[in-house]
Every structure is written in structure tokens, then in C-alpha cells.
Amino acid sequence: MHTYPLPLKTSGSDFCLTALQVQNVNWQMPVNRRTHHTDKFSSQDFIVRRGQPWEMIIVCNRSLESGDDLNFIVSTGPQPSESARTRAVFSVSGRSTGGWSAALKANNGNNLIVAIASPANAPIGWYTMNVEISSKGRVSSQKLGTFILLFNPWLQADDVFMSNNAERQEYVEEDSGIIYVGSTNRIGMVGWNFGQFEEDILNISLSILDRSLNFRRDPATDVARRNDPKYVCRVLSAMINANDDSGVLSGNWSGNYAGGLDPRTWNGSVEILKNWKKSGFRPVQYGQCWVFAGTLNTVLRCLGVPSRVITNFNSAHDTDRNLSVDVYYDAMGNPLEKGSDSVWNFHVWNEGWFVRTDLGPSYNGWQVLDATPQERSQGVFQCGPASVNAIREGEVDKNFDMIFIFAEVNADRITWIYNSRNGSQKQNSLDTHSIGKYISTKAVGSNSRLDVTDKYKYPEGSSEERQVHQKALSKLKPNASFDPTSVRDLAGEEGAPSISGRFKVTGVLAVGKEVSLALILKNLTSDRKTVTVNMTAWTIVYNGTLVHEVWKDSATISLDPEEEIQHPVKIAYSRYDRYLKADNMIRITAICKVADEAEVVVERDVILDNPALTLEVLEQARVRKPVVVQMLFSNPLDEPVRDCVLMVEGSGLLLGNLKIDVPALRPKEKSRIRFEILPTRSGIKQLVADFSCSKFRAIKAMLSIEVAE
């Protein structure tokens, strides 16, 4: 039983001995936390969900008599007020302000059982509860304690209500997950430890709100608005990145991560959030999109907003709000970092589940939230909530940040050839199909991939899809007349190209091996053609940042009528070894030119596989019994690998994270490392590992472990 003796404040001259006073309080922690679905939190605080009553036992010096009255006062934030609904006064006799209530359930001798109910739209956060006793003409007040109030997805009256039990289980209570990464032709996945119930994560999540710009400017209004998931989620999307507000994570896409951790090495959000607090709330270095999304997902689930992580492949970053992205190349086949638009191989954001009272019921449900700092919104790097239903219908004038998110999944991609000699550029091609592919999230209750592209847009090429695109454009530029042929045309006066080209992978794509492809050129005409080909290969970061040119080649190729040839592309390991980033990505480009025709641009991003990292558990895992896990790794290279570190974490399997220094490995040497974990909760738990060394920046592994009672 959680009972606490209480200090007493009285007013009135001589305090009558028979006046009622509270001696201690039993919050009935285990039963209340179980019925409020907060029993998984490792914190010892009293945590309840809004709109749902709880019962507490108040132990007094005598039994309640007529003429005694108990007034409860709850308050949150630094300037609580009844007008802002951040303070409420309510009594067992039924008087109430602000939608809170108290009911006397039983009066057994000195024990009063009182049911406290909060409104379903109360602000979330830390509360203080006081009691004011009127008895025998005296008034005394005492502090009963503090509690945390969270959103309640189990309650129909709450804005975050989710009716499906399996979905609620996944999107609120599941503390591990999968984030999809890679590219359209190679979708990969990484395990992520959300860990929303771990020690101190709830406290840190609430302190994120207290460190926001809005709270610093006007704490009273900010706390009052915490009743609204739209508001809370928008603030969190700003606070998870460090831009503007010294938030949680600093973004870095340069390929140089000195002074911090390579974003690829994180295994989950817990270490990030704890590091942020431990450093005195200095931004943690470094994050990229899935790190921001994984961390935001932890905080949303922690506060009770159902949420999931979404990956969009070929994601457009349209900086000038024209629903198209411009991509540039020079005549030698070099991709150019010119202009501010870009296409990311993948981009990861979140969806939160709640109603849109501001837009109307057809916009309820999943809402996009994006904590990656890409563009400012209302002067701050924040993004969302944007209704997924509204995105699908092209409602780009609705709140919040709809234009940017609509473009991420729908923009047209325009290719330009830039002439560095005279600074001119000409449009080469327009692609309406490549942006916004395989929009993915982890399925409910399993580790398979769920494709949600159809929730974001109508089928590519359908009449609805073009109509929605047109509707979006007309909302952006109301006066533009629309001629579908003019926009969709190839820009060149030269007409349709007489050749086609594509890259085909012809060997194994693995770090340490030669990259082997073929450029396949086909003559589409019945005339002979001569093609000049300029090719380059660059190592890149997943968002298209160019790291280093690692290969180039030129060729002149003759094609007979309707002939198809294969031109080999071979890039030795020694060429790319020093310049490959943890993304393991190489961008190969060919500019193919037939005299007096527009260039044909052929591009392929390849992802090289890391060697396998294997985790296995060597015995049946049981709660509170140490269990040995084994890691196996073989160095596939003909050279040694050094600076090897294994990092392991998993909620319910070990406290914090485990960092193991692994001895250097000779060429082709196998490594076997054993370590102990101590499961604290039963059920299926996920262990996530990252192995980093001099030649392999971030090798990932995950293992599902069934923990018995």
C-alpha cells in the first residue's frame, strides 16, 4: 500500500480536536495503474489517463460527519487558473469547476474511499492535488501528492481514442519496432527500441514540453493547450530537432560525424533521450530522419498518442512550393548539388492518431508529423499534423504544412542538364511517376511490412491521381490556366529520344567486393546510331548528399538498328573503400548523347550489403534469470578490421545499453562474443544490436526473444 503521512495547514484560532483531518493517503497504485493501462511504466509515480475515474483511500482521524466537507484542488503548470482549466476545485458534496468530480464511494470508519474523475479533455502533464477540509467552522488544507495525467486512447470521449484493440496494443503499448530504410529497389529494415516505459522516459517526455519555445514565451497558455493532441504533437515535432529551441537531436547529413555518433549507430530512443537530459538538455549528436522519427514515436506513445513510423521511398524535398523538384547533371555525367530541391532515397516521418476538430470528421485518423528539420513552418522547424486523408485528396490549403508533405509523395521530378561553360541549363525530362513509392510501416502484431501508399494517394496514372494533382496546383496558383499537354511534355525541341538506357546489376552487391553493373543501351529506331556515353559513380548519403567521386568512364558506342548492347561497369573495392559512408550507397550516372538529340540520363543508386551479424540466445529466457546471448561475425575482407564495438539494447531485456569492445579481426577471421542479459518482463521482446568497426560503419541485427515468466 502507498500511504503517506501528511503535513497540515490550518486557519482559525484554536483548532478543535474533533475537527476532521487527513492522516494519510493510499493511492491504490497497483490496481489504478493496471486499470489505466499505465502499469508498464517503470516509474513509481502515480500515472492515470484522462476521462477515467480512479479510487483512492483517504485515512482520517475520525469518520466523516454531516457538516464536514472535502474540497479537492488539482492544478498543473506554473500559473494554474480555473479560467484556463489548469486548476479545478471540486468536492465530495458535488460542487465542481472545470469538469473534475469527486464521489464518496464508501465511508468505513476513518477510511474514506473517494473516486476522482478528470474530464476527457483535461490538459496532460504533472498535477498537484490538495484537499481543503471544512469542519467545525474551521478550514484546513493539505497537499495529498502529485500525479501524471496522460492521453487516453482507450476512452471514446478522448480525441486520441482508438477502438481496435490490436492496433492500440501495437501503436501505444509496443515498445520496440522496425523502421524501413534503403531504396525502392532494395528495401531494408532496422530494429528500433522505442522504450517508452523505461526508467525516466516519461519524465523526460514531459520535460520536452516544458523546454519548448511556446512554454518559455507563455507558460500559462502553453500548459492550457496541452489538452489538445494537435497542439502537443506540433510542439513535439519542433522539439525533437535541436533547430530553434535546443531540442533533443542535432541533424547532420554531411557524411562527417566528428564530435558525435554516426546516426546509423543508434539502436533506439532511450539512450538519446537519457543523453539529452544527462548533458543538461544539450542537443544529442547526431540524428537523421529515422532517428528523429524513432525518438518522436517514443514520446508520442509515452504520452498516450497512438503513433507509428512511416517510410516514404523516393521522397521529394520541394523547397519552393511548386510541386516539382529539380535535379541537375553536367554533360560528363556528374550529379550536381545545384538548387535547393532534392530527392531522398527514403524519408521517415510519423503518424499520430487523433481527431481534427479544426477540420471536420472526414480528416480524423492518421496525421503526419515530421520532426526532421527540413523547412520552417510559422518560423520554426516543425511539421504537421497533416491529415493523411487530406493529403490523398490534395487539400493543400488545410493545416498544417500540407503543401510540403503533399509534394513529398506527389511531386514531379524534372531533370536538367547544366552547361558549366556558359552557365546555361536545359530541361531534359519530366517524370510524374517516380516520387512517393512503397510508403511503408510495420504491420500490427508482426514484423512484416505494411504498404500504405494507397492511403496517401490514388493509384499512379489513374484519372483521380491527376485530378488531385491538378486540384493541389490550382489551390497553389489559383489563376494559372491548365493545359495537361504543356506540363507533361518533354522539354527538348529535339523530340523523343532514339535510344533507351538502364543499369542492370550483374554481380553481388557487398562491401569489400567489386561493384559490377551493365549499362544496357537499346536503339529504338531502324537507323544506325552513335552514342557518346559519360559515366560517373559517387558515394552518397541517403538524402542525395554527394560524398566523393569514386569512378568515371567515357565511351563511344555504335548501335545497329534496334540493337541492344551491354556496356560493363566495374568499380573496384579499392576505389570506393575510403569514401563509403554507413549508408553503403553509390550513385552511378550515365549521360548518353546522340548527335542533335536530347541527352538520355540513366541513373541507379546501389546499396552494398554488409556481412551478416548473427545473434542467438543460448537457453530459454526467463524473467529475472540471466541469459547468455551469442554474437557471430566473420570478417569477409582480405585485410584486418579494427576499432570494433558491439552496442546492444532492448526494453524488458536489459537495463540501459551494453557496449562491448570487440578485439580486432584478422583477414577472414570469425568472431564469437557472448554476453549476458537480464529480462525484466515476459512476452516477446526485441534485442537490437549495432556492430561498428573501421571497415563497416554500422552493421545491424535484431532478435526476437520469447521470455517466460
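Cβ atoms here come from the backbone N, Cα and C positions, even for glycine.
What you see is a predicted model, and the numbers here were worked out from it, not measured in a lab.
What TrEMBL says about this protein:
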ACT_SITE  Cys289  active site
ACT_SITE  His347  active site
ACT_SITE  Asp370  active site
BINDING   Asn410, Asp412, Glu460, Glu465  Ca(2+) binding site
DOMAIN    281-373  domain 'Transglutaminase-like'
Inside 10 Å of the Cβ of Asp370 (active site), count up the other Cβ atoms and send me the figure. 31
Considering the binding-site residues Asp412, Glu460, which residue's Cβ sits among the greatest number of other Cβ atoms within 10 Å? Asp412
Counting only residues outside Asn410, Asp412, Glu460, Glu465 in the same chain, those with C-beta within 8 angstroms of the Ca(2+) site's C-beta centroid are Thr432, His433, Ile435, Gly436, Lys457, Arg466, His469
His347 (active site), number of other Cβ atoms within 10 Å: 26
Could you check the recorded positions Cys289, Asn410, Glu465 and say which one's CB has the fewest neighbouring CB atoms inside 10 Å? Glu465
Going by C-alpha distance, which of the active-site residues Cys289, His347, Asp370 is nearest to Glu465 (Ca(2+) binding site)? His347
Considering only the recorded positions Cys289, Asn410, Asp412, Glu460, which fall within 10 Å of His347 (active site) when distances are taken between Cα atoms? Cys289
The domain 'Transglutaminase-like' (281-373) - residue tally per DSSP class, helix then strand then coil: 18 helix, 42 strand, 33 coil
Rounded to a whole number, how many Å is the Cα of Asp370 (active site) away from the Cα of Asn410 (Ca(2+) binding site)? 17
Cα separation, Glu460 (Ca(2+) binding site) to Cys289 (active site) (Å, whole number): 26
Model confidence over the domain 'Transglutaminase-like' (281-373), as mean pLDDT, sits at 96
